[in-house]
Amino acid sequence: MKSDFLTSTTHFNPSIFLPKIPSRNSRISIKSSSSSSKVRPDPWSLSDGNPEKPKPRYERPKHPLSDDDARRIIKKKAQYLSTLRRNQGSQAMTPKWIKRTPEQMVQYLEDDRNGQMYGKHVVAAIKTVRGLSQRRQGSDDMRFVMSSFVAKLSFRDMCVVLKEQRGWRQVRDFFSWMKLQLSYRPSVVVYTIVLRLYGQVGKIKMAEETFLEMLEVGCEPDAVACGTMLCTYARWGRHSAMLTFYKAVQERRILLSTSVYNFMLSSLQKKSFHGKVIDLWLEMVEEGVPPNEFTYTLVVSSYAKQGFKEEALKAFGEMKSLGFVPEEVTYSSVISLSVKAGDWEKAIGLYEDMRSQGIVPSNYTCATMLSLYYKTENYPKALSLFADMERNKIPADEVIRGLIIRIYGKLGLFHDAQSMFEETERLNLLADEKTYLAMSQVHLNSGNVVKALDVIEMMKTRDIPLSRFAYIVMLQCYAKIQNVDCAEEAFRALSKTGLPDASSCNDMLNLYTRLNLGEKAKGFIKQIMVDQVHFDIELYKTAMRVYCKEGMVAEAQDLIVKMGREARVKDNRFVQTLAESMHIVNKHDKHEAVLNVSQLDVMALGLMLNLRLKEGNLNETKAILNLMFKTDLGSSAVNRVISSFVREGDVSKAEMIADIIIRLGLRMEEETIATLIAVYGRQHKLKEAKRLYLAAGESKTPGKSVIRSMIDAYVRCGWLEDAYGLFMESAEKGCDPGAVTISILVNALTNRGKHREAEHISRTCLEKNIELDTVGYNTLIKAMLEAGKLQCASEIYERMHTSGVPCSIQTYNTMISVYGRGLQLDKAIEIFSNARRSGLYLDEKIYTNMIMHYGKGGKMSEALSLFSEMQKKGIKPGTPSYNMMVKICATSRLHHEVDELLQAMERNGRCTDLSTYLTLIQVYAESSQFAEAEKTITLVKEKGIPLSHSHFSSLLSALVKAGMMEEAERTYCKMSEAGISPDSACKRTILKGYMTCGDAEKGILFYEKMIRSSVEDDRFVSSVVEDLYKAVGKEQDV
């Protein structure tokens, strides 16, 4: 209101004595005039002069305060109360210290206010009227209750009493009594008070009647009264009445305040009447009412909700230009609007501006920005924003978590996506189908179709209804694992939700094509055409591929016509190429028409060639090929068509096209020739491969790819000499066939025992500085190791090291074997140390290799230590490793360690098989540990392991060599006792032993006793026996 009186008054509250606020600096030291001692009185109170309550006595009495000190204390208390009142806001309960004229002071004393805001009679009247609210309605008459206040209350006092009421009935009754008083005079002020109180409790009908009464008594409503009425309508959602009343106010040219407009705008926006908010805002601007921060917040939000981007940004800019700092919700509105409008740079700029203001974004704003970063594939920014959310403790809802799962999936962080999904489930935030499907798609993209289907199954068990999109994802899963039945079931379920989309139809058609289900594919195309599914270009391509593969010329022609009529695809290169190449021979000037096509589609040409080849129409095929070679794309298009046939496994068509091209005298590209040669090599068609190779060499020198494929074909067909010759020839010409081809060739030569040729290739690679990769160097080193060329292997390794090619674990393992075989144990140890420092995972193979060379070098402590280290690192030795350890320990006469190793094998589930004990017997025999060898044979027999000639032959041979013929004879007899018939080798060995020892007679006796009856025409045994008889001068008895 404009009244000075009402603006100078505040709400009535009971008198409350506030406690003093303690302060460290609140105590004031007052010096006495006669002493330097300090006292600390209460600075906020003065003596009331009451002799019955004297001040406390002190040791040293205080002198009376001077006038200056009294004024200073009064001012201090005034400042304190002023500060307290400001801190309490509009509900301040402390009296206001004001300056009064002498006349006002006289009136103040007459009112007997005693420091209160109103006089005692006014306070009493307020309490009396308020007290009526506790009585039953109609039980008391206001005239009777207020009879004691007649002629005591001025008009202003009555307004104060009216203003301080809380119940609408008391307001109504008191206002009626007030109008009967002599001091009453009709005023817009008093009517405004009544309107405000009625409006607060929703008595709109009574407010309207009061407003009409105000007009009838001749009071012209001002801006405050009209604003009060408008706020009442707005508060209680009477928008139609509010806008009607607002039009009436405009007609009276009453200028409303900003707060009234804000009230109306806020009320309209709460009910989502954003169009009316905008209209009211424009009228507000037209009236020249200055908006404040809250006004702009409402208007920007309504513009954003209506999708008016330019207007919202303009209002937002005006808001900032006036010095207002937008709230987070305002920034969020314009950011979201910019993202929806596709103005991504503006959205990012607004977000960065908001962050520069120190405003922490809400999770809705973060979700909007994450969606933007996801659309623009700016995944690092998205993850950075998510990290900021965690740092600022902004709660991530399910929408945000779903976006992060998708982003993790796009980045290949499948484990992180799974962790986020599980965390969302743990927090009980997992409820939306989109989150489940996001996780399912991540699993699908990672190739884990089973997990993708598990997520969808989880949705079903939790009674989450499957949407159309869920069936699409299910179809993609089943199509990927080629489960036709389930895919068809998912497609039928999708069809029940509406017309299937082109992408899903394409998935089904591709599934039928991959599984060569031609009849199903044709039936499916027919059905979706009947259902009038909207084809996209990809679905058209797949359908055309089916028709061409099945040789359905008529259907293909109809499909081309259909594509040519559709505005969405008729300008596509694929469609244009098909249309132009359908009937080349029968069309006049077809060559010119095709040349007018800016670019031919390779896939379309391949389909047409496929169709004509399937049809057997060679004339059309030749015409298409001739035409393609005359276009701007030249041979590259044809070569890509041939390559596509090879990739799809349709080699016969590729061969046919290649034959036609050669007969027509046209030239294929090297990559295509190399591809076909490789195919011929895999099929062992060396004659055809050589024909293509020679055709390629007629025009120019074959390139690397052709030579590489030809060498590979030679190797596959077993023509290693030709492969070797081609490599050496190409190397002389400076052509490098590549590391892979060299590896294949050297490996093949090594396996066939052609070590000289392998060495020549290795030397050539070093001399010509041919670039090799890790696998290539490994192959050469291994080949030289097997050829026994240890120095060459060492040179290759040094070249590999100086060239900066990284070593693999195979490199280190092979070099340990090279230096170990060359008795260079120190270098082998150095290589093993390099392998440790490389950071590569050391496997059982390299440990076993190093342990073996330690054993051969006599360093058993190092071998045992390394074997223990291998086990500590979690590598469980296999049977070969244990056999090797048993062998080197037995050789070094470490019998205790051998027993422990055998026991460890049994504990770790490594079976001590025939080879284990055979190795042990051979080692014992070779190292002249005959007793241990015999014990081992006995142990094998006790374990029930079947014995063989091999177990005895090595021991028998060692005993014979040592001249221990009696032990040898005993071993021979044990063999017979074990049920093993000695073979010719054992017989020869023991008989030669008798001859060597010069004891021919014993040899003859042993022969006649043990062997003679079992010799079956063995000429080698017979020869030894003949020598025995000659030695004693006897003739052999026949």
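Each residue, glycine too, has its Cβ placed from N, Cα and C.
Among the features that Swiss-Prot reports, compositional bias 'Low complexity' is placed at 23-38.
Residues annotated as compositional bias 'Basic and acidic residues' in Swiss-Prot: 50-69.
Counting same-chain residues at least six beyond the ends of the repeat 'PPR 2' (222-256), those with a Cβ under 8 angstroms from any Cβ of the stretch are 1-2, 188, 191-192, 195-196, 198-199, 202, 204, 207, 211, 214, 263-264, 266-268, 271, 273, 276, 280, 283, 287-289. Marked as repeat 'PPR 2' by Swiss-Prot: 222-256.
Annotation comment: Swiss-Prot describes 292-326 as repeat 'PPR 4'. Counted with DSSP, the repeat 'PPR 4' (292-326) comes out as 27 helix, 0 strand, 8 coil.
Under the heading repeat 'PPR 7', Swiss-Prot lists 397-431. Listed as Cβ neighbours of the repeat 'PPR 7' (397-431) (distance under 8 Å, sequence separation of 6 or more from its ends, same chain) are residues 363, 366-367, 370-371, 373-374, 377, 379, 382-383, 386, 389, 438-439, 441-443, 445-446, 448, 464.
Long-range contacts of the repeat 'PPR 8' (432-466) within its own chain (CB-CB distance under 8 A, at least 6 residues past either end) are made by residues 398-399, 401-402, 405-406, 408-409, 412, 414, 417-418, 421, 424, 473-474, 476-477, 480-481, 493. Annotation comment: Swiss-Prot describes 432-466 as repeat 'PPR 8'.
Per DSSP, the repeat 'PPR 9' (467-501) is made up of 26 helix, 0 strand, 9 coil. What Swiss-Prot records for 467-501 is repeat 'PPR 9'.
The repeat 'PPR 12' annotation in Swiss-Prot covers 601-631.
As annotated by Swiss-Prot, repeat 'PPR 19' applies to 843-877. Each residue in the repeat 'PPR 19' (843-877) gets a DSSP state, and the totals come to 26 helix, 0 strand, 9 coil.
If you look up Swiss-Prot, you'll see 913-947 marked as repeat 'PPR 21'.
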Along the repeat 'PPR 4' (292-326), what average pLDDT does this model show?
92
May I have the DSSP-based helix, strand and coil counts for the residues of the repeat 'PPR 7' (397-431)?
26 helix, 0 strand, 9 coil
